[in-house]
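Input: a single structure, listed below in structure tokens.
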Amino acid sequence: MTAVPLRNIRSILTCQRHLRCLQQQRRHAVTVTDEYRPSTKSRSSLKGVELLRNPGLNKGMAFTLEERQHMGIHGLLPPAVLSQDIQALRVMINFHRMNNDLDRYSELMNLSERNEKLFYRVIADNPEELIPIVYTPTVGLACQKYGLVFKRPRGLFITIHDKGHIYDILCNWTEQHVKAIVVTDGERILGLGDLGAFGMGIPVGKLQLYTAIAGVPPQDCLPIMLDVGTNNEEISANPLYIGLRQKRVTGKEYEEFLDEFMEAVVQRFGWNCLVQFEDFASQNAYRLLERYQKQYCTFNDDIQGTAAVVLSGLFGALRISGKKLNENTFLFVGAGQAACGIADLITHAMIREGASEEEARSKIWMYDVHGLIVDSRPQGDLDGPKAPYVKKGKPIKDLTQVVDYVKPTILLGASGVGRLFHEGVLKKMADINERPVIFALSNPTSRAECTAEEAYRETDGRCIFASGSPFKAVTYKDKTFHPGQGNNAYIFPAVALATIACAARHVEEDMFLIAAQKLGSLVSQADLDEGRVYPPVPTIHEVTVKIAAHLAEHLYKTKKAWNYPEPENKEEFIRMQLYDTSYEYFGPKTWQWPEQHSTSRTVPTMDENIILDA
Ligand SMILES: NC(=O)C1=CN([C@@H]2O[C@H](COP(=O)(O)OP(=O)(O)OC[C@H]3O[C@@H](n4cnc5c(N)ncnc54)[C@H](OP(=O)(O)O)[C@@H]3O)[C@@H](O)[C@H]2O)C=CC1
Ligand SMILES: CC(=O)C(=O)O
Ligand SMILES: [Mg+2]
């Protein structure tokens, strides 16, 4: 018997699996998949009640009489025809009638499962109010209560027991043209720790922002939970827990599982399917980034996206303080992936300003669970990403004393521990700085190192403040401050949009510095005068498009874009790809769009009392 080379066996198996996969898709899903695409030219072959059950196509009572007759849904809806404007108004009235944010979250998720366009339309119209529901802080609460909130899967759950079959599972996803995946293993969900499979709320929420903020069509996005178990005993004892009830798998088996996942993504969706790593624990996050960064189209949002958004906020803060980056001393409270990612990008930016690497690193101090990171301290790991920031000096545990010793001009919290910046710390920052810069980056709100109100009050209104989760405006001594939101949501949707639009092969480090600079340039003097070092949240969609266009310029200039021919006007090119929340027309072909169905996003001007009084 002649030996068949291993390579050939692998390729035969792969072909067989691929064939099986295609057959499966043909049997089960191909009609839905094909018709689910957003093109305004496409006409659905789904008819009757199936059309109403498809969230990507359903427009509820907005189907016109002609459409209802043409699509076989006449009589399945009440006779009135409502415009999307009225539907959006109804959603918001109901939203305001609810008593708590968890119910609001559930209601919005239900809407996204009924009528996707309406869901994204209301977020686009009300970003300041709704982003904190689908994203931080409420998404954190939703993850903690995911057993209650969970109604139906909105992505893939791949467990460690699926090792060896990940490709087959990816084939079970009916959409064939996935362009972006957000993946988590649920080990560090915001500052809430290991939530296991309950962490699925995070990839879902991040990808909803891909669409709501960056206009990436929802059918191009796939949330994935890699369930390797959980070490959170409380969660796994919860009768409503949705994941594997076992300890986390680590080591070689974990590594092989992740390797297989990345290979399967490429095999199933192509080499330029973007994979965003989200909320992995620090020890895995860094290692996986280093391992995959050059091989795949991937980035780690907690390390790289966060670094960019914080650097950008610092550019804004420096416009107020009038200092250069390397004229500052930085103290990080929390020395994990977010802090080290930010510190590395600040170092990179200081080197670009002319500092040596040694000089740049010398300005950055870190403080972790064991206290100030110095070489003489008895306990705590000093290796890994913290290593370049270890200082010579005496070990100090008390944070107020640390601030007194280091004398930072900029204090950044990325510890996941609420209220570490207590009165003593904040007052000390105010004692040593005319304009102390204080960023409380931890999420959700309960984990913020201080509130906006505390920061302004304890520094006598002199601090420049930003936070990871949103805080309302604060009035202190007759002046109203509008704290900026230093959240990677200003970066990852733009990076993803540019990468996808340009078909870039990799997400390279320089994209984050460029994105940070562009975001910083979009902060107006009026924003700074109000105390805001980020553009206001209602402008986040426009800001994202501008950053993405700027990144597209860079990708084409550096020959990293593979979408040819090169478009002349990059902003127009980006805008042409954006998801449109206006409804598709399903009537007879000769019919024309009436004027009022314009594709622009307009906020309804109608008085909501008309509906409430009716
Ligand atoms: N605003 C934004 O856009 C983002 C915010 N974040 C937030 O940042 C926080 C941290 O995330 P991440 O870096 O990924 O988490 P990690 O687990 O990687 O890091 C946490 C760090 O905080 C330290 N720490 C824990 N407890 C204390 C304490 N009591 N005092 C001082 N330091 C402490 C840890 O110390 P040790 O190293 O000794 O364990 C570790 O260095 C989270 O709340 C997350 O939500 C993250 C990404 C983006
Ligand atoms: C914002 C974010 O990515 C985090 O808190 O983990
Ligand atoms: Mg995160």
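Don't overthink the numbers, they just go from 1 along the chain as shown.
Placement of Cβ uses the backbone N, Cα and C atoms for every residue, glycine included.
Taken from TrEMBL, the feature domain 'Malic enzyme N-terminal' applies to 112-293.
Cβ neighbours within 10 Å of TYR135 (active site, proton donor), excluding its own Cβ and spanning all shown chains: 25. Positions annotated as active site, proton donor by TrEMBL: TYR135.
According to TrEMBL, the (S)-malate binding site annotation covers ARG188, ASN443, ASN487. In the three-state DSSP scheme, ARG188 ((S)-malate binding site) falls into the coil class. Taking Cβ-Cβ distances under 8 Å and a sequence gap of 6 or more within the same chain, the neighbours of ARG188 ((S)-malate binding site) are ASP194, ASP279, PHE280, ALA281, SER282, ALA285, ASP302, GLY416.
Counting only same-chain residues six or more apart in sequence, the Cβ atoms lying under 8 angstroms from the Cβ of LYS206 (active site, proton acceptor) belong to TYR135, VAL182, PRO223, GLN276, GLU278, ASP301, PHE492. The DSSP secondary structure for LYS206 (active site, proton acceptor) is helix. Marked as active site, proton acceptor by TrEMBL: LYS206.
In the three-state DSSP reading, ASP302 (divalent metal cation binding site) counts as helix. There are 26 other Cβ atoms within 10 Å of the Cβ belonging to ASP302 (divalent metal cation binding site). According to TrEMBL, the feature divalent metal cation binding site maps to GLU278, ASP279, ASP302.
Taken from TrEMBL, the feature domain 'Malic enzyme NAD-binding' applies to 303-556.
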C-beta crowding around ASN487 ((S)-malate binding site), within 10 angstroms: 27
Number of Cβ atoms other than its own within 10 Å, given for GLU278 (divalent metal cation binding site): 27
Binding-site residues whose CB lies under 6 angstroms from ligand 3, from ARG188, GLU278, ASP302: GLU278, ASP302
Recorded positions whose CB lies under 6 angstroms from ligand 2, from TYR135, ARG188, LYS206: none
Among TYR135, LYS206, GLU278, ASP279, the recorded positions whose C-beta sits under 6 Å from ligand 1: none
